[in-house]
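For 5-69, the entry in Swiss-Prot reads domain 'J', with the evidence type sequence analysis. The zinc finger annotation in Swiss-Prot covers 128-210 and is backed by sequence analysis. Annotation comment: Swiss-Prot describes 141-148, 158-165, 184-191, 198-205 as repeat 'CXXCXGXG motif'. Residues or ranges marked as Zn(2+) 1 binding site in Swiss-Prot: Cys141, Cys144, Cys198, Cys201. Feature annotation from Swiss-Prot assigns Zn(2+) 2 binding site to Cys158, Cys161, Cys184, Cys187.
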Amino acid sequence: MSKRDYYEVLGVDRNASADEVKKAYRKLARKYHPDVNKAPDAEDKFKEVKEAFDTLSDPQKKAHYDQFGHTDPNQGFGGGGAGDFGGFSDIFDMFFGGGGGRRNPNAPRQGADLQYTMTLEFKEAVFGKETTIEIPREETCHTCSGSGAKPGTKPESCPHCGGSGQLNIEQNTPFGRVVNRRVCHHCEGTGKYIKHKCATCGGKGKVRKRKKINVKVPAGIDHGQQIRLSGQGEAGVNGGPAGDLYIVFNVKPHEFFERDGDDIYCEMPLTFVQVALGDEIEVPTLNGKVKLKIPAGTQTGTSFRLRGKGVPNVHGRGQGDQHVQVRVITPKQLSEKEKELLREFAQMSGGRPDEQDDSFFAKVKRAFKG
């Protein structure tokens, strides 16, 4: 199935700014997040939206996508990579050293990196937390100390490759007879032959276990960000260091707050009377309620800033702000007494907008007159 255009997925123009792309992503991610949207296709749509954002928010990826779209520009050349040209890669390796030379199969090598996705509640990401996770990973076998051989014995040099981990294969080519180096399939490139295998690991030198790891989630971590735990990945090879563990965070949306970087946004519903006469209201923040004065005559859409009431910066650079946007609620059901009072008010005010809006309505009148 062909992929949809990334701009179409986010519903933005091809010339959209980075802020417009980010705003569209936040809106759609909130809409299709699996923890909020229980539709069968919500998770697929969420992944599609994230994939589109990851590409269009990165200048290099965006430039590549704008030029080539979903098409791999190298696919007409064997999908890219010299390895796809079969025997010719070995010829170039011989003349130009493309293979990087002969590697020692017994040299210490770092273990593979691992990735773990951790889901956080909105406020857990804001304030941070300490938790314990359990991950499956390969660890060095303690019975054989990673050698793969039965205790009291040692691995022997592979008789087929002489311990090099590679076999030399002669081949006729248009350039003449050449020698190609291939990984020895007898020892799988290790250069070792284990006659008496360790009963615990079966000769692999590693065993798969579930490891408990303590994780300190930093305050202010955001959705999609990651942290690295050095040395918590797969065990190293031939005594090499262990790989790293990368923890990627999936932050659930909040029903009241929205987050953009270190700033928090929310809407406060107010009545016509409150905004017309002014009022002092209580506003929920991440750290509890605070009082906010609403000046008389406040219009719907007006935004107030609560400095320092946002999210702590994950790198320790201060704290964001909270933005409170006023939303005037029009009552749907009125008693007869309330209707009578509103009619009386309309007669007293002349049924026309406030003076401060005269300039706006003057523009509307001029527009109708042409």
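Every residue, even glycine, has its Cβ placed from backbone N, Cα and C.
Pairs of Cβ atoms less than 8 Å apart link the repeat 'CXXCXGXG motif' (184-191) most often to 158-165, out of 141-148, 158-165, 198-205. In the three-state DSSP scheme, Cys161 (Zn(2+) 2 binding site) is classed as coil.
Between the CA atoms of Cys184 (Zn(2+) 2 binding site) and Cys201 (Zn(2+) 1 binding site) there is a gap of 22 Å. Beyond the ends of the repeat 'CXXCXGXG motif' (141-148), by six or more residues, the same chain brings 154-155, 192, 194, 197-201, 203-207, 235, 238-239 to within a C-beta distance below 8 angstroms of the stretch. Taking the Cβ of Cys141 (Zn(2+) 1 binding site) as reference, residues of its chain lying under 8 Å away and at least six apart in sequence are, in sequence order, Gly148, Cys198, Thr200, Cys201, Lys204, Gly205, Lys206, Val207. Of the recorded residues, Cys187 (Zn(2+) 2 binding site) and Cys144 (Zn(2+) 1 binding site) place their C-alpha atoms 18 Å from one another.
Mean pLDDT, taken over the repeat 'CXXCXGXG motif' (198-205), works out to 91 on the 0 to 100 scale. A C-beta separation below 8 Å, combined with a sequence spacing of at least six in one chain, links Cys158 (Zn(2+) 2 binding site) to Gly165, Cys184, His186, Cys187, Thr190, Gly191, Lys192, Tyr193.
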